[in-house]
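Trainee: The Mn(2+) binding site feature in TrEMBL is assigned to 52, 100, 185, 189. Residues or ranges marked as domain 'Manganese/iron superoxide dismutase N-terminal' by TrEMBL: 28-108. The domain 'Manganese/iron superoxide dismutase C-terminal' annotation in TrEMBL covers 115-217.
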């Protein structure tokens, strides 16, 4: 297991008043990676995992902390223009942190195969079969233009599963209302060093490392929160 303590994240100064102190207490850090960099090989190479985690995710965390520091200052000084200007940075970097924190957890060196129990029954109910769900999510993810994510989500209103995609680092729940159960990162940094520009090969391979136990737990938590 890899700890985030080795990655230096910019801390938030405590000199921006009460709100700034609150933000500093909520300073974001990289979550622990629950396996070694090479654990997902041959599906995802150690080089990709190392760069993806220590560079890309770390950058989202660092920039989110910077944006929240500036937000605290803007709110303390009642600078509404600055508050509004910071929203894209908060959405992009906050979404990147949220999405990747989910992504690491729904992959496992012991993953793959098919889900079981309630998760499988719900998938069959909402998609007809497990293969139909895989096909729909894979096709949707391949079709993302540019960078983004493919998601299996839970609709808390209809109580049904849905496939959805999000552009860039837009987080699923704040932008669609769906609770994320399983996500596939289709930014090129997630696969290009290994799969080049053949995104469908990456989408085919990633099913070999899906952590269905974690996806099932996400479904349980989502249903219990309704």
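Every residue, even glycine, has its Cβ placed from backbone N, Cα and C.
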Trainee: Could you check the binding-site residues 52, 100, 189 and say which one's CB has the fewest neighbouring CB atoms inside 10 Å?
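Mentor: Comparing Cβ neighbour counts within 10 Å for the binding-site residues 52, 100, 189 gives 189.
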Trainee: Residues other than 52, 100, 185, 189 within 8 Å, Cβ to Cβ centroid, of the Mn(2+) site?
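Mentor: Other same-chain residues with Cβ inside the cutoff are 53, 56, 57, 103, 187, 190.
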Trainee: Excluding near sequence neighbours, so keeping only residues 6 or more apart in the same chain, what lies with its CB under 8 A of residue 185 (Mn(2+) binding site)?
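Mentor: Residues satisfying the criterion: 52, 99, 100, 103, 149.
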Trainee: Over the domain 'Manganese/iron superoxide dismutase C-terminal' (115-217), work out the mean pLDDT and round it to an integer.
Mentor: 98
Trainee: For the domain 'Manganese/iron superoxide dismutase C-terminal' (115-217), what does DSSP give as the number of helix, strand and coil residues?
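Mentor: For that range the per-state counts are 53 helix, 24 strand, 26 coil.
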